[in-house]
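The next block holds one structure in the form of structure tokens; read it before the comments.
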Amino acid sequence: MAANMYRVGDYVYFENSSSNPYLIRRIEELNKTANGNVEAKVVCLFRRRDISGNLNTLADSNAREFEEESKQPSLAEQQKHQLKHRELFLSRQFESLPATHIRGKCNVTLLNETDVLAGYLEKEDCFFYSLVFDPVQKTLLADQGEIRVGSKYQAEIPDKLAEGESDNRIQEKLETKVWDPNNQLKDPQIDQFLVVARAVGTFARALDCSSSIRQPSLHMSAAAASRDITLFHAMDTLQKNNYDLAKAMSTLVPQGGPVLCRDEMEEWSASEAMLFEEALEKYGKDFNDIRQDFLPWKSLASVVQFYYMWKTTDRYIQQKRLKAAEADSKLKQVYIPTYTKPNPNQIMVPGSKPGMNGAAGFQKGLSCESCHSKYSQDLTREEGRYLSAAQSPQWYAWGPPNMQCRLCASCWIYWKKYGGLKTPTQLEGAARAGSSGPRGHMTRQEVQGLSPFTRNEGRAKLLAKNRQTFILQTTKLTRVARRVCEDILQPRRAARRPYASINANAVKAECMIRLPKATKTQVKTKVIPRPSLATIVKDLAISAPLKLKASRGPPTPINRNQASQPRGAQSLLGKRGFDSATGVPYPANGRPYTSGMRTTSQSVIKRQKVSQGEAPNPVVFVATKDTRALRKHLTQSEMRRAARKPHLPVRIKLPPPPRSLVSLLPSSTSEPIVLED
């Protein structure tokens, strides 16, 4: 009964998705809605999987500094991995959730240097936090409410003086005397001087224009003059004048007029006081945030002093009574029965219905993705270790459906509570990237980017480019596994069926077994000699044929924008063919065209507006007048053959040029022409 009773201030698990881990929240209020349901106003706490990679790096550096300062014992890699699941980040974000989504209680504490981190792993449902996460600004800051416990916060107590030993320390440097109780004045004389100081303060407020506006009546001025700031000033005046009443009187009323003493309650305006009350309602007693967001023109000391003076006013007492009455009308606790409905991710066991996460049924060949065992791990523990029990009656689908990963009952509960697996796996990062259930909404690039054969840096690039080409960069181990485990991997069959999943873990495990036994023969590679760039440019300049000088007309327009560009402007998308830059036509491979080779180019593009987001940055070659003339000498079959095999050169038989009539006539000479009859 007590386990299912939830009160204000409890840290609880909330379930917002059947496949995602639980949300950890702190109950602030329990409200009853109009239809009779109960809603909980909660404070959000975030896990490491909920923040960005940069903030995770910042949290790692903060954890290393904490371990160095508190001298934590060394932990194993698996313990460090599980300890990250116990770390939370507090926030000031509130939300309302149905109370029926509560799935249990947990314990969240503020981390201090006296704690042992390994102790959190020994306790169930135990978390800690040390940083505050701002979901709007995406920042991590140290919590201002940390408990200052430790050697560096303790006072150094000197040794006790022996009997009869004198203290040689200079008392004036250690402390300042502000009042001497053994003075020559009697208590009635001191009380009379304090009354005179209040009267002087009232008269000073009557002379001050700003004070007369704030306290228009005499009793308000007298009440302001009777505050502690006036009494402190009067007693300090007596101390400075060696408790001489005559000198103290003259100090209260100097030549320029009576001394006016104000505290923070009198200095602040009504609008500033309302801002402070609003900030106090939002941030609580976090005076740094109150000053930064609401009262930046005030100092931190002024805000703190005003708070403690504001607590002595009737305004604070009225608000406290209103909050108490409002709290009495709200729910103090709520009973939520244990959630017993089956999870949709549960895989079918023999004699039951299948699950709803794409799992076909119970498969004995698969093992738990977390504990890597075909046997479950019972929830009972002995000496801090999980006991192996009989085969688990419940298995849950986890991760991408095509990978057919599953978790046993114990690992599934660990995943739901702590947001991770007991052992670090590459698929855990994949589940974190798509933790919103089945990956039917993911693009092809994103699903392939979650492959264990891809690197992390390449994976980020794939997720950023949705409509462009991508390259899967394999690791060295993957390339070795293709040769060593060729019988298991079957690369030809996998290339013909790219949609079929490959058990990468099995291939890698088999590769690590076979790799030490593999032959150490070096793979023979054929070295292709390649000339230098200077040699290629020199050969191209020598063997390039001369091009007939043609009339330079306006460029052929590709789209509406290019038609209005001046002569010499670039073509579509800022690219042009190689021949337009040098004046000599060259193909893409850099070899010069011969007399029997056709220049490769594309046809004229239709006038259409190309979307920059859809187009994969093509290279457009504009057909010239000579290119069109060469195409006319190709037959239809040759055109089709060239289109099917664009990498092969095309031989063009050009007809001999017709001999002009001028070339048949002899050249002109200076000799006379003789006509014979």
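Every residue, even glycine, has its Cβ placed from backbone N, Cα and C.
In TrEMBL this protein carries:
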type     : residues : note
COMPBIAS : 558-568  : compositional bias 'Polar residues'
COMPBIAS : 660-677  : compositional bias 'Low complexity'
DOMAIN   : 4-144    : domain 'BAH'
DOMAIN   : 145-256  : domain 'ELM2'
DOMAIN   : 263-315  : domain 'SANT'
REGION   : 548-597  : region 'Disordered'
REGION   : 636-677  : region 'Disordered'
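Confidence across the domain 'BAH' (4-144), taken as the mean pLDDT and rounded to a whole number, stands at 90. For the domain 'BAH' (4-144), residue counts in helix, strand and coil come to 38 helix, 60 strand, 43 coil, using DSSP. Taking DSSP states H, G and I as helix and E and B as strand, the domain 'SANT' (263-315) has 38 helix, 0 strand, 15 coil. Under DSSP, residues within the domain 'ELM2' (145-256) fall into helix, strand and coil as 63 helix, 0 strand, 49 coil.
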